[in-house]
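Here is what TrEMBL records for this protein:
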type	residues	note
BINDING	His104, His106	Zn(2+) binding site
DOMAIN	15-208	domain 'Class II aldolase/adducin N-terminal'
Amino acid sequence: MTAPVSPETMTEAGRALAAESARFAGFGWMRGTGGNLSVVVQRDPLLLAVTASGLDKSELSERDVVLVDAAGRPADPSDPRPPSAEAGLHAHIAARTGARAVFHVHAIDSVIAGHRWPQGVDIRDLEMLKGIGHPAHDVTVRVPVIPNHQDMAVEAARFDEVYRDPVPGVPEVPALIVAGHGMYAWGDSVMAARRHLEITEWLLRYLVAVER
Ligand SMILES: CSC[C@@H](O)[C@@H](O)C(=O)COP(=O)(O)O
Ligand SMILES: [Zn+2]
């Protein structure tokens, strides 16, 4: 049986994710095997290239991605490697938001923020909010927090409870904190997901430093 996506497409996705992974590992956000990254390689039906499970995320190669379906299950019968244990939440976020890249890291400030504000992290009056598409002033932006769970179907349902679709004049918040675990961010390209991840982490880092 042939894979539903070409090897070239998977290699290109793997190269992009390995570069992002090395970058985030360099920030200390993907210690050891922590964190996982994905890109959408086909929209309908949904297929994603996601980092393989259990690898040291500081030294991935272009081969270290696995094809998964909309439920996060392996979608290439010729590939025996397990996809990320969190592939199901990646796929759900991509399906729900329309994102083309979804990134998950264990940045310590996201874990502290989730511990301190389990109902959601409210942020306002910071210039960096513009980097996630929101006004710098006079609007409170909430980064939602959900409890941690090992079952990604549970996490997907919890995501749906807190996610607010964009409406005219109010963009989505392209990030999520999983309490006691880490954070997700997404976007319509690898660059957008990276920007949303790095800017949200900066906002959380600022908040945990100044709000006690
Ligand atoms: C210290 S790794 C913890 C894992 O359970 C998980 O949270 C994680 O981010 C990495 O899992 P993986 O299956 O390698 O994608
Ligand atoms: Zn994790």
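Every residue gets a Cβ built from N, Cα and C, even glycine.
Because the structure is a prediction, the values reported are computed rather than measured.
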Densest Cβ neighbourhood among His104, His106 (binding-site residues), 10 Å radius:
His104
On the three-state reduction of DSSP, what should I expect for His106 (Zn(2+) binding site)?
coil
